[in-house]
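Asks: Submitted below is the structure of interest, expressed as structure tokens.
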């Protein structure tokens, strides 16, 4: 029941590049970002603290860092453009913020795909925040 509530809340807040991020994850990792990565480990989902728990959680940590480096941008709302060329995602457009956000999302989706074998829902799905108290490493 708690999972359904979280999914409903997340869907209400999805706009702009968050929906595009979901589409990139589905395209590259062949899984739903909102379902599989919205409440995983210490960094996948809203916020993030502590140390990444595994390679999948590290994808989210690096993604958070990437968004943090996109100064002057609004990564969760900046709508970007991308295309597919020879099976690769190519971020486009003239706006540097939107292109940077696209590159962050693309890198995370590729990271999820490349680390599918580390995804451990029994241990890290709905991981309690109290287990994420270690000092975080720098971006």
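From the backbone N, Cα and C atoms, a Cβ is placed for every residue, glycine too.
Since the structure is predicted, the reported quantities are computational estimates derived from the model, not experimental observations.
According to Swiss-Prot, the record shows the following:
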type	residues	note
ACT_SITE	63	active site
ACT_SITE	105	active site
BINDING	43, 45, 47, 64	Ca(2+) binding site
DISULFID	42-132	disulfide bond
DISULFID	44-60	disulfide bond
DISULFID	59-111	disulfide bond
DISULFID	65-139	disulfide bond
DISULFID	66-104	disulfide bond
DISULFID	73-97	disulfide bond
DISULFID	91-102	disulfide bond
SIGNAL	1-16	signal peptide
Asks: So which disulfide-bonded residues are near residue 111 (disulfide bond), with CA atoms within 10 Å, out of 65, 66, 73, 132?
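Replies: Among 65, 66, 73, 132, not one has a Cα sitting within 10 Å of that of residue 111 (disulfide bond).
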Asks: Pop the Cα-Cα gap between residue 47 (Ca(2+) binding site) and residue 66 (disulfide bond) into the table, whole Å please.
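Replies: With the alpha carbons as reference points, the distance is 14 Å.
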Asks: In three-state terms from DSSP, label residue 60 (disulfide bond) for me.
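Replies: Where residue 60 (disulfide bond) sits, the three-state DSSP reduction gives helix.
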Asks: Which one is it: of the disulfide-bonded residues 42, 111, which Cβ has the fewest other Cβ atoms within 10 Å in this structure?
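Replies: Minimum Cβ neighbour count within 10 Å, taken over the disulfide-bonded residues 42, 111, occurs at 111.
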Asks: How long is the line from the C-alpha of residue 132 (disulfide bond) to the C-alpha of residue 43 (Ca(2+) binding site), rounded to the nearest angstrom?
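Replies: Their Cα atoms are separated by 9 Å.
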Asks: Give the sequence-ordered set of same-chain residues, not counting 43, 45, 47, 64, with Cβ within 8 Å of the centre of the Cβ atoms defining the Ca(2+) site.
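Replies: Apart from 43, 45, 47, 64, the close residues are 42, 44, 46, 48, 49, 60, 61.
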Asks: How many whole Å apart are the CA atoms of residue 42 (disulfide bond) and residue 63 (active site)?
Replies: 13
Asks: Please classify the secondary structure at residue 45 (Ca(2+) binding site) using three-state DSSP.
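Replies: Where residue 45 (Ca(2+) binding site) sits, the three-state DSSP reduction gives coil.
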Asks: Calculate the distance in Å between the alpha carbons (Cα) of residue 63 (active site) and residue 104 (disulfide bond), and round it to a whole number.
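Replies: One finds 6 Å between the Cα atoms of these residues.
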Asks: Is any of the recorded positions 45, 91, 97, 104, 105 within 10 Å of residue 65 (disulfide bond) (Cα-Cα), and if so, which, in sequence order?
Replies: 104
